[in-house]
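In what follows, a single structure is set out as structure tokens and then discussed.
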Amino acid sequence: MSLRFALTPGEPAGIGPDLCLLLARSAQPHPLIAIASRTLLQERAGQLGLAIDLKDVSPAAWPERPAKAGQLYVWDTPLAAPVRPGQLDRANAAYVLETLTRAGQGCLDGHFAGMITAPVHKGVINEAGIPFSGHTEFLADLTHTAQVVMMLATRGLRVALATTHLPLREVADAISDERLTRVARILHADLRDKFGIAHPRILVCGLNPHAGEGGHLGREEIEVIEPCLERLRGEGLDLIGPLPADTLFTPKHLEHCDAVLAMYHDQGLPVLKYKGFGAAVNVTLGLPIIRTSVDHGTALDLAGSGRIDSGSLQVALETAYQMAASRC
């Protein structure tokens, strides 16, 4: 039996539904289930001029074979309000979270080998009165996972984050021995178990410019990061650093590593997105399930226009397929 995967279209007024439909033009190697409003997909297909055959499926009768080119399996999930491309509506916030819940729970229950997510709009979900900081945190709660790690990857580069969506002024206080220990262990374990890398080598960024310049530009490297890395090396983790980020992100260093651990969001991700924007994938590590996502946002201004590239979603699909194969 072929592995099944769940696909969530994210914000209904954004480009997520468009991406799902564009992918359906080509056959996939595994059954791919779009957890979405059938009405939304029908309307968006008409706006895009796409002739996609939407095939209804449900937990009572999952497909065993991949859909053909021009077909898309849909687990219908009703909207609360009609959708106009590019126009956010907080009434549909619960719909977005329902698609994620169905996909995540389906993975936990063994219905899906992994889930692939299109972008959501955090702001409109919070405006609806639902606290929401992102896919990563939502899925951690759903799966009762205490610690997860956000990693983005493109060809030749993987970057994981010690901290994610924090104001910059709060980052230094968040870099603790406990946090770094958990993040490094998760990164090491998932590179081995989900990516099939037997002995992962990880480069670790310092927090401060020049990795603190021997304590003259900050002491986090001396007091927190270096002692933590040294102790983890004693557990068998191959950790290089802390290194100055502007030195670490050079070919000399990157060609000899499997992943980079950056201390904060905008330390590591600008480099990765410059290298591979449109062909990068967001992976949530530490979960008991496989979850990958695109590397871009909802692009409300492009929804329904046909002027989008589905490359990142295709990479997210391929990465999920590869990760699932590594676990089999």
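Backbone N, Cα and C define each Cβ position, glycine as well.
For HIS135, THR136, LYS273, ASN282, ARG291, the entry in Swiss-Prot reads substrate binding site, with the evidence type sequence analysis. In sequence order, LEU100, THR117, VAL120, THR284, ARG291, SER293 are the residues near HIS135 (substrate binding site), counting only same-chain partners six or more apart with C-beta under 8 A.
Annotation for HIS165 (divalent metal cation binding site): same-chain Cβ neighbours under 8 Å, separated by at least 6 residues, are SER133, GLY134, HIS265. What Swiss-Prot lists as divalent metal cation binding site is HIS165, HIS210, HIS265, and the listing cites sequence analysis.
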Alpha-carbon spacing, HIS210 (divalent metal cation binding site) to ASN282 (substrate binding site), which is rounded to whole Å: 28
Taking residues HIS135, THR136, LYS273, ASN282, ARG291, which bind substrate in the record, the widest Cα spacing (Å, whole number): 19
Number of Cβ atoms other than its own within 10 Å, given for THR136 (substrate binding site): 22
